[in-house]
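What Swiss-Prot annotates here:
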| type | residues | note |
| --- | --- | --- |
| ACT_SITE | His222 | active site |
| ACT_SITE | Lys224 | active site |
| ACT_SITE | Asp229 | active site |
| ACT_SITE | His400 | active site |
| ACT_SITE | Lys402 | active site |
| ACT_SITE | Asp407 | active site |
| DOMAIN | 217-244 | domain 'PLD phosphodiesterase 1' |
| DOMAIN | 395-422 | domain 'PLD phosphodiesterase 2' |
| TRANSMEM | 3-23 | transmembrane segment |
| TRANSMEM | 34-54 | transmembrane segment |
Amino acid sequence: MSISSILLSLFFILNILLAIIVIFKERRDASASWAWLLVLFFIPVLGFILYLLFGHNLRRKHLFQWEDRKKIGIERLLKHQLEDLETKQFQFNNRATFDNKDLIYMLIMNNHAVFTEDNSVDVITDGRDKFQRLLSDISKAKDHIHLQYYIYKGDELGKKLRDALIQKAKEGVQVRVLYDELGSRTLRKKFFKELREAGGHVEVFFPSKLRPINLRLNYRNHRKLVIIDGMTGYVGGFNVGDEYLGLNPKFGYWRDTHIRLQGTAVHAIQTRFILDWNQASHHHTLTYIPNHFPDYGPKGNVGMQIVTSGPDSEWEQIKNGYIKMISNAKRSILIQTPYFIPDASLLDALRIACLSGIDVNIMIPNKPDHAFVYWATLSYIGDLLKAGATVYIYDNGFIHAKTIVVDDEIASVGTANIDVRSFRLNFEVNAFIYDITIAKKLVSTFKEDLLVSRKFTYEEYLQRPLWIRIKESVSRLLSPIL
């Protein structure tokens with residue numbers, strides 16, 4: 001027997017073993033199991049490699065044992081809220097919070113997402129505005145700057161932000177930068193050399209320990225967080241790069257949604273950053289530092305919870321929050337998302353809302369940045385069009401916003417897309433906002449986006465050509481592993 005025959009036989013045996021693992025050991029979602037079995041069957045050698053990189057379920061194993069809030073900062077507030085829930089003494093100060101108390105309860109109990117009502121929130125929908133504000137806040141920093149992004153590019157915007165951080169580090173401000181290795185794969189280590197020399201610290205999330213193989217490649221930190229002096233925070237969809245200023249000809253204008261906030265909710269963002277930082281850092285880990293959690297009094301009256309999820313989570317908290325919002329809807333649901341690949345539970349919740357007479361509106365991009373994801377999105381959109389949803393295609397560039405608004409009362413803004421990757425594999429963060437004024441601001445933004453969007457009807461969907469139907473079918477089949 002030739003060497004090639006032996007190798008083929010070996011790969012065939014390994015494929016069978018992997019199939020057994022996929023079916024019996026991993027205990028994954030049935031649709032994901034079938035998708036991986038198809039990959040292993042049709043492309044046995046490449047499929048084996050892809051499974052090692054993207055398919056092996058490392059969820060909630062020793063890989064993710066870094067969750068420890070007790071020495072970080074919000075444990076005391078969380079303890080009081082859990083006690084108030086048990087004794088039914090929890091208080092709400094406005095209609096939006098009272099009407100959604102079951103959602104607030106769920107996120108406190110299952111995500112330890114502390115609820116605060118002393119926040120001010122600014123909604124930002126333009127990249128130039130976002131980074132102008134961020135650079136202004138950085139220039140005023142006195143104690144520390146904590147910055148975390150999935151994508152950080154070494155282009156003009158990346159350099160401008162880096163140089164601002166270098167200046168603050170030279171002034172004695174503590175600067176910490178955390179970026180994801182895969183998302184920021186074009187960034188060279190020397191890019192932050194001067195920042196390190198100025199006293200700043202830079203860490204990489206889940207770097208490859210054995211290049212080019214990284215068994216944690218499938219689990220990426222998709223969070224975008226900035227905390228300045230423990231008083232001002234940013235969270236949302238914008239990464240760092242010129243394309244987010246609308247300078248990439250492929251995408252054109254980049255429409256995203258970010259929020260700038262002040263208030264006790266910043267402490268929750270700070271806690272999340274420190275937990276992620278301590279996982280990535282081996283020499284500069286952080287414990288509780290009073291300056292990271294200053295007591296500066298109320299900044300507003302916006303109710304809010306900072307909700308995180310990831311492969312270290314027991315529950316898919318952000319997805320569960322979405323489902324609860326949708327299930328509680330009485331009048332309307334507005335969704336903006338670049339990718340729409342819901343699992344069965346979320347799809348059913350939206351379908352039931354449509355069939356119950358709720359006005360469900362969904363806005364998606366007119367162009368793909370990931371082809372398979374785009375075609376899978378159209379497939380699921382077809383299901384909801386049939387159920388009565390209204391769908392809009394954004395035509396003024398690329399819409400990357402991840403927002404949900406329900407009944408013009410509550411909203412979610414953050415990093416999580418409506419897809420399986422965001423719900424189960426990526427580390428994500430969303431702000432759940434219980435405030436009519438902020439909700440109406442997001443509704444107004446949605447209406448402004450309608451002016452540069454076109455309605456996508458069910459009749460139009462039914463008339464799509466055969467080649468698009470084939471693309472959709474294949475992409476949907478693979479959607480659980482995209």
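A Cβ is built for glycine as well, from the same backbone N, Cα and C atoms used for every other residue.
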Rounded Cα separation (Å) that holds between Asp229 (active site) and Asp407 (active site): 35
Asp407 (active site) versus His222 (active site) - Cα distance in angstrom: 28
Other CB atoms within 10 A, centred on His400 (active site): 25
Spatial neighbours of Lys402 (active site) that are distant in sequence (at least 6 apart) but have CB under 8 A: Gly236, Gly237, Thr257, Gln336, Thr337, Pro338, Ser412, Val413, Gly414, Thr415, Ala416, Asn417, Ile418, Asn430
Pairwise Cα distance for His400 (active site)/Asp407 (active site) [Å, integer]: 22
Other CB atoms, at most 10 A from the CB of His222 (active site): 25
Neighbouring C-beta atoms (10 Å sphere around the C-beta of Lys224 (active site)): 25
Model confidence over the domain 'PLD phosphodiesterase 2' (395-422), averaged pLDDT: 96
Between Lys224 (active site) and Asp407 (active site), the C-alpha gap once rounded to whole angstrom: 27
Which same-chain residues, if any, lie at least 6 apart from Asp407 (active site) yet have Cβ under 8 Å of it: Ala329, Lys330, Arg331, Ser332, Ala439
Cβ neighbour count (within 10 Å, all chains shown) around Asp229 (active site): 20
Residues in the domain 'PLD phosphodiesterase 1' (217-244) grouped by DSSP into helix, strand and remaining coil: 3 helix, 11 strand, 14 coil
